[in-house]
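Taken verbatim from TrEMBL:
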- 310-326: compositional bias 'Polar residues' (COMPBIAS)
- 359-377: compositional bias 'Polar residues' (COMPBIAS)
- 50-295: domain 'Rhodopsin' (DOMAIN)
- 310-331: region 'Disordered' (REGION)
- 353-391: region 'Disordered' (REGION)
- 33-54: transmembrane segment (TRANSMEM)
- 66-87: transmembrane segment (TRANSMEM)
- 115-137: transmembrane segment (TRANSMEM)
- 149-170: transmembrane segment (TRANSMEM)
- 197-220: transmembrane segment (TRANSMEM)
- 232-254: transmembrane segment (TRANSMEM)
Amino acid sequence: MTIPSDILAANAAGRIPNNVSLEYLAQSRDHSAIVGIIFMVCLTGVVMILRLYARFFLVKKVGFDDGLAVLATIIYIAFVVLSIVLIQMGSGRHIEYIQDVLSMPTVRDTEVVDFAAHIIYTTALLASRLSGLAFYYRLTAMSGKLRNTIIAAACFIFVSYLPQLFLLIFHCRPVTGLWPYDWQHEDTNYRCLSWGLVYAVNSGVSLACDVVMFTIPSILIKRLHVSVKRKIQLSLVMFPGVLVIVISCVRIWLVAEGQWTSDGSWAYNPMMCIENAEIAGTLIALAVPSLKPLFGTLFSHLSGYASGRTRTQTSKLQTQSKGIGTNNRNSRRLLSRSKIDEYEMMSSETSIAREVQGSPASLTSGTPGINVTSEINITRGKGPPNSQEEV
């Protein structure tokens, strides 16, 4: 193992105790953490580009939820930058590396950057959650009770953001961006809450917000008057948020590792990856329903291409097995059939609204609820099949 120059310099200066090996100090998970963070932000960026493409060019209608999602993505990118900076500064190395190798000004800088990064992290989660609630609000159309539930959830999430923010800002008296270690000597005598306590409380509040956030789709799906099979299909689309809840639970465990183990800083890089995954997972989970128009169009084009290739292969087989006269006759039939089979189908539209008294749905079910209406318009003609759907 190659020993980095900063460790060699610290050893030459006599700052490293004899019971700490240079190989131990040289251990690092920085590269894998940075690669993971970059992968997540790139994946989120691709999903957001696809979402905006679907909204602008297929649905041709952009909502307030799309604007909040873009804002959340911008804030998330800022958090990604600070995460990488913190990792490169050495925040995720062994605690002995931070104490014995890093200079005191560098240690202070890591604390201030961490302070700023987690304010940005908390704000990015707020914006992404509000974008999801705005999407659910748009879906519920004229269902008053559901809209009131969504408004209440938005108030809960915003009110939960305030103590998270204030705990970060006022974690020390007097107020500072520093978070001094026990062995760190400062000119000012700071009285601070422990890093782990603040982050554990914030993680618990964040988990509660995620549970509230991703419980709403289950309410929407439960009130749909559709078959069980259709509800399961919708659940697969709207429930990737379960993974976000799991990620929030993992973050609580990593915070505990970071505060209440002897080598707490070694858990910092995984925690930064999990925090990035939480924001990325929230944005991706809330963008999945908006991608349905895009994939509906793609699948319709692929279906048309596949059916065209099937007809071509059938024609070739018939050509090989029959004579020239039969070949000409089959070609004319293939051409005629292809003209008949070309069609354009508008995909189904699902709306959640208050039922009108006396409507067929209310007469058959006998209870108010949510209707799912499908409108299919088939026109025969030339032109490739395409499908558009507003979600």
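Placement of Cβ uses the backbone N, Cα and C atoms for every residue, glycine included.
Outside the transmembrane segment (197-220) by six or more residues, the chain places 118, 122, 125, 129, 132-133, 136, 139-140, 146, 149-150, 153, 156-157, 160, 163-164, 167-168, 171, 235, 238-239, 241-242, 244-245, 248-249, 251-252, 255-256, 258-259, 278, 282, 285, 352, 370 with a CB less than 8 A from a CB of the stretch. Of the candidate ranges 33-54, 66-87, 149-170, 232-254, 66-87 has the most C-beta pairs within less than 8 angstroms of the transmembrane segment (115-137). Averaged across the domain 'Rhodopsin' (50-295), pLDDT in this predicted model comes to 91.
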